[in-house]
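Colleague: TrEMBL feature annotations, pasted as is:
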type	residues	note
DOMAIN	38-171	domain 'Alanine dehydrogenase/pyridine nucleotide transhydrogenase N-terminal'
TRANSMEM	508-527	transmembrane segment
TRANSMEM	547-567	transmembrane segment
TRANSMEM	573-590	transmembrane segment
TRANSMEM	597-616	transmembrane segment
TRANSMEM	653-674	transmembrane segment
TRANSMEM	694-717	transmembrane segment
TRANSMEM	729-747	transmembrane segment
TRANSMEM	753-776	transmembrane segment
TRANSMEM	783-803	transmembrane segment
TRANSMEM	809-829	transmembrane segment
REGION	1019-1049	region 'Disordered'
Amino acid sequence: MICSVSILPLKCILPLRKPKLNCCVLAAGVPYKDVVVGVPKETLQNERRVALSPAGVQALVKQGFQVQVESGAGEASQFSDQQYRDAGATITDVIGALGSDLVLKVRAPTLTEADLLKPKSTLVSFIYPAQNPELMSKLTERQSTVLAMDQVPRVTIAQGYDALSSMATSPGTKRWSGKVPPAKVLVIGGGVAGLAAAGAAKSMGAIVRGFDTRPAALEQFKSFGAEPLEVDVKESGDGVGGYAKEMSKEFIEAEMALLLNSAKKWTSSSAQHSSQKIVTIVFVCFIPGKRAPILIKTEFVESMKDGSVVVDLAAEAGGNIETTKPGELHVYKGVTHIGYTDLPSRMATQASTLYSNNILKLLKAISPDKDVFHYEPREEFDYGTIDHVIRGTIVMKEGQNMFPAPLPKTAPPAPVKQKSVAEIEAEKAATVSPFNKTLTSASVYTAGLSTCLGLGLISPNAAFTQMVTTFGLAGIVGYHTVWGVTPALHSPLMSVTNAISGLTAVEALALGAAFISSINIAGGFLITQRMLDMFKRPTDPPEYNYLYALPGAAFVGGYGASVAAGYSIEQMMYLGSGLCCVGALAGLSAQGTSRLGNALGMMGVAGGIAATLGALKPSPELLSQMSLAMATGGTLGLTIAKRIEITDLPQLVAAFHSLVGLAAVLTCVAEYMIEFPHLEAHPAAGVLKTVAYLGTYIGGVTFSGSLVAYGKLQGLLNSAPLMLPGRHAMNAGLMAASMGGMIPFMLTNSYGTGMGCLVGVSGLSTIMGVTLTMAIGGADMPVVITVLNSYSGWALCAEGFLLDNNLMTIVGALIGSSGAILSYIMCVAMNRSLPNVILGGYGTTSTAGGKPMEIVGTHTEVNVDQTIDIIKEANNIIITPGWGLCAAKAQYPIADMVKMLREQGKTVRFGIHPVAGRMPGQLNVLLAEAGVPYDVVLEMDEINEDFPETDLTLVIGANDTVNSAAQEDPNSIIAGMPVLEVWKSKQVIVMKRTLGVGYAAVDNPIFYKPNTSMLLATQRKPATTSRPRSEKCTTENPTTRTTPLAITN
């Protein structure tokens, strides 16, 4: 059914309070304050809609219009007179409403209502001028200007305010909402209502086929998962204005044979196989300005099996089925006929709100002047322009019949089928020859082996070669160990590597470095333990992890006893500590061993510090200073880690990374100061100076970059990227200056010159860390954190080479590998390269670079009660959270809801995108904190294939990670990015603050898909609704607890 709901094409409007104003509209326009808008009550039986909602009234009044609404006009749509008064309208009677300058109606006026129209006023309504000649004659007598909403051209520019589109979605969805048994559905007519019906039926598991005379409509059926039906006759059904045209006799005969064969085949199949399976045929075919065409004759219906159903959505225009009774539900020869003409009115509030939105959009489009109301209908216009919309909609001007509108000067553009991202990627892959692929791989191995030879040639002594060997093996071990870490534990992985990086304390060369490193050690291990404890389930067996204090005490105590006995076993202590650190990362490969991993990490760090003290043999005074510095730093770290909220974990990690970078700078400078007197005679002086310089540079970038990341994550700095003019040249200059300073540093024997070079590179690298990180947006901060994590590891490696310390080299390689792998994982999850992210770039590696796809259509909104009903009916539910869940602190009410739904026997799972949240694995930790079992929290790759079989997907505070443009639009800046394919679910509810874009600033097409509903809210509003409203979807025992049904983004 195509609903008779009118839009407000106000640019064409001629009604005015004074007759003398009518002649001025075309010339100079009329002030908005002189135009009175009237909204009468609909009188047609069963019509519950109203032309303007209170929100629409408020917008028109704000623009300057005077609005008067007939008393009770919105009552059936649940809009009270008081709501209209509060919005700024005046309540009047039917004479006042119909006697206004501009009358907005849903249904065409009766002849009696037409007599009450003010002379030379404007009427906006569905008119069907070709079918209502008597009404047109009456309107001519009243010298009316009429805008017929059934004549709005079906062009892209008009879709935002096309009531046909917004209202036709309602009957298509309304008819198919709720539970239906498995069915076979044939949809004839691929317009707005037909596609809505196909999408809704498909979302509930029906087998859907679709037929239309237009090739573009058949493609739309395919996109909804329906099987398109085609006839052998090659003839396009594309008509003027986006509608289908009347087809040739040969085509119609072939069409009738196809439909008859399909109906007989399906009805026969359903009768033979299952009494539960029914055949439903939906008809949605119109010809503009004419009676709906008869597609199905009586004999066709009589050939169908008992129990079949035909739904005639064109009943209001006469119907597509010969046996349809408009406005009625009846059975003919065992076939149920649904011929309702009031389906939109059965969703009156929603339909009225959608129509009101159409009014406001059209007002802005055709009357852009802020002070006066003005329009210029033209007899000559181009296809798809606003002039096309205006002229096509006007069917009468001051009593002069202007129907039908002339054809546009230009023809509609031929539809071009755009290649999908997957097709383009497949074409790119096909262009890479096996030879080139193998050559690239061979080149990588050649470079690696050549590097080994080069390091051997420049090696000053055997100690350096041994350290390189240790570094290489540790890197390989770290690579394979980190890849084994489960994604759910990526946040604890970063936290434990942060704590282990506190091994900068083993240098014990600077009081400040020891203090800073102690903060990292104590705080890092405590926050890791907090996170891992959150993953415990009530059903897990008891743990006695405190017993791991025994091997730790034996390790450290045994070393103390050996030192007292005169033994020197520091290198073995370093080996044992290094293996413990490897075990710390390996323990995170599974939930069951994760807490053991944290204990091993603590053992490794404790052993490393003990071995360093044993090697130094400090005096009592120096030992007191060291102990005081480390105790103070450790206490501070424990205090921070104990008080920090999990939602603030990303900024805590960034802050701790800055400490690692600062410690690296201090250590490298201090080591140079200590070793300078011995450099002339030192056989590896060149190596020491190189790693001291590089360590200072890496530490400076890590320090300042981490502080900027902290500021953006904490909200102290604007999260938007700061695009300084010439930033790439600036960064290149800073890099060149930093590396250029290494030349005099390596060549000089002067202490002052060497210190000057170190101080200079520390300053330049600090500035570079700021310029690099400020150019990166908040959405890319997770990658920044992991890159900085990797930097801190390489800085630790440099210190290991500097101090000839195997432990620091091993741990540095582990941390560097960890950060690099996590950075790679997230870049792959965004289909972007690491340089693209770090240099503040935009777009994925698959972005074609053309104009992005234009997203048009009307979204569907639901309220909390409707959401509850939908959740209640679903059995298989997937929840895909994003940063909005973190911002709303909604993990606890979400967990509460999930627990109650699972107790009812529903299957509820979570799908987590690798870059959701502000750091890897953050959402996993948040859900674990709230008590969600980790075995129902799955990664994107694990759950994506399950969406087509899912009854309902709840998207909570996510946007870019569920954006279908990544797969549908090759020109999107997120093209090719792996996303959670939520739109393939049978039904989707998106819970977020607004329809706005995410961090990537890309519109999301899923908001406008027929199986998607939007539950919009305000971000800082509590993400819960009272339990009495939601207990019907959870439990029968009312309590004071809350259930989250308004989560925001």
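Positions of Cβ are set from backbone N, Cα and C atoms, glycine also.
What you are looking at is a predicted structure, and each value in this text was computed from that prediction instead of being measured.
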Colleague: Could you give the mean pLDDT over the domain 'Alanine dehydrogenase/pyridine nucleotide transhydrogenase N-terminal' (38-171), rounded to a whole number?
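Modeller: Mean pLDDT for the domain 'Alanine dehydrogenase/pyridine nucleotide transhydrogenase N-terminal' (38-171): 88.
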Colleague: Do any residues, 6 or more residues outside the transmembrane segment (653-674), come within under 8 Å Cβ-to-Cβ of it, and if so which ones?
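Modeller: Contacts of the transmembrane segment (653-674) (Cβ under 8 Å, skipping residues fewer than 6 from its ends): 494-495, 498, 501-502, 504-505, 507, 509-510, 512-513, 516-517, 519-520, 523-524, 688-689, 691-693, 695-696, 698-707, 709-710, 713, 754-755, 758-759, 762, 784-785, 788-789, 791-792, 795-796, 798-799, 802-803, 919.
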Colleague: Based on DSSP, tally up the residues of the domain 'Alanine dehydrogenase/pyridine nucleotide transhydrogenase N-terminal' (38-171) by helix, strand and coil.
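Modeller: Secondary-structure composition of the domain 'Alanine dehydrogenase/pyridine nucleotide transhydrogenase N-terminal' (38-171): 57 helix, 21 strand, 56 coil.
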Colleague: Between the transmembrane segment (694-717) and the transmembrane segment (753-776), are there three or more CB pairs that fall under 8 A, provided the residues in each pair are separated by 6 or more in sequence?
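Modeller: Stretch pair touches.
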Colleague: With a Cβ cut-off under 8 Å, give me the same-chain residues at least six positions beyond the ends of the transmembrane segment (729-747) that come close to it.
Modeller: 686, 689-690, 693, 697, 753-754, 757-758, 760-761, 764-765, 767-768, 771-772, 839
